[in-house]
Ligand code: 2AM
């Protein structure tokens, strides 16, 4: 079994902006390493090889049929979420193509008997975990262009959790 999730990766310039922001949010928590920064569309939980294969086949077919929508989303609000104790840069899902991609990912997860989101969709990138409070600093504005959907494997290692991209599909 592998712990998997579907997510979007910021580009290099956006990663620079995010790491700069991280440098200003203090040290009362665990900074998410640059390589781990992502915007989740579906956390799938523990997946069997068969579930992973079925998911990958379906996404490959949909990508080939150009049925995975590209999108834009603006993240511009720094938020502290009490329950998961994270600090994130968040935005609103205004682009119907993003809403439709989110719904598609959730539907696939449900069809495969995987974990589905218990919350309404709030696009965000987690910057810090075990965060205690919201720092009083100005949020940058980040516009993500979703051009590719990635399947990530979340692995615990001695250096902490590491995310490996197992597969990617083009959004159109
Ligand atoms: P996040 O996007 O708010 O950081 C991999 O664990 C990713 O899936 C994380 O980035 C995490 O949250 C997201 N995720 C969503 N729901 C989760 C859950 N129930 N358990 C663990 N991670 C979850």
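Positions of Cβ are set from backbone N, Cα and C atoms, glycine also.
Feature annotation from TrEMBL assigns active site, proton donor to 38. Annotation comment: TrEMBL describes 124 as active site, proton acceptor. Feature annotation from TrEMBL assigns domain 'Phosphoesterase HXTX' to 9-82. Feature annotation from TrEMBL assigns motif 'HXTX 1' to 38-41. As annotated by TrEMBL, motif 'HXTX 2' applies to 124-127.
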Cβ-Cβ distance under 8 Å to residue 38 (active site, proton donor), same chain, at least six residues away: 7, 8, 9, 10, 125, 150, 152, 163
For the motif 'HXTX 2' (124-127), residues assigned helix / strand / coil by DSSP: 0 helix, 4 strand, 0 coil
For the domain 'Phosphoesterase HXTX' (9-82), residues assigned helix / strand / coil by DSSP: 31 helix, 22 strand, 21 coil
Packing count at the residue listed as 'active site, proton acceptor' (other Cβ atoms within 10 Å of its Cβ): 19
